[in-house]
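J.: What TrEMBL records for this protein is below:
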BINDING   5, 25, 27, 28  Mg(2+) binding site
């Protein structure tokens, strides 16, 4: 099976089943792409029994290929990635994306979530 982000965004329905399924977003960062902001990627995932098996993200502008496989780790251009081990949240950097839905109820939820995030004593 195939699920394409662009077709789902256009209103086509999709159902994730237990079948092996490719999930593809050919322009991950569409808003960035439209505004010529250089953070755009091609993202591909493969799912079996509704569980991710592996994923690939190609950051076009940076020419970086990120890969990950269940139980095998994550890599950038073939070099193994690992988390920092930082456990003190006050030394963390928080990054979020607000989405493009401006429905009043959705905006209310987003702002409520942002308020909770901003109350955490983070570094930045």
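Every residue, even glycine, has its Cβ placed from backbone N, Cα and C.
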J.: If you count Cβ atoms within 10 Å of each one, which of the binding-site residues 5, 25 comes out on top?
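T.: The most densely surrounded of these binding-site residues is 25.
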J.: Taking 10 A as the limit, how many CB atoms besides its own sit near the CB of residue 28 (Mg(2+) binding site)?
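T.: Residue 28 (Mg(2+) binding site) is surrounded by 19 other Cβ atoms within 10 Å.
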J.: At a 10 Å cut-off from the C-beta of residue 27 (Mg(2+) binding site), count the other C-beta atoms across all protein chains.
T.: 16
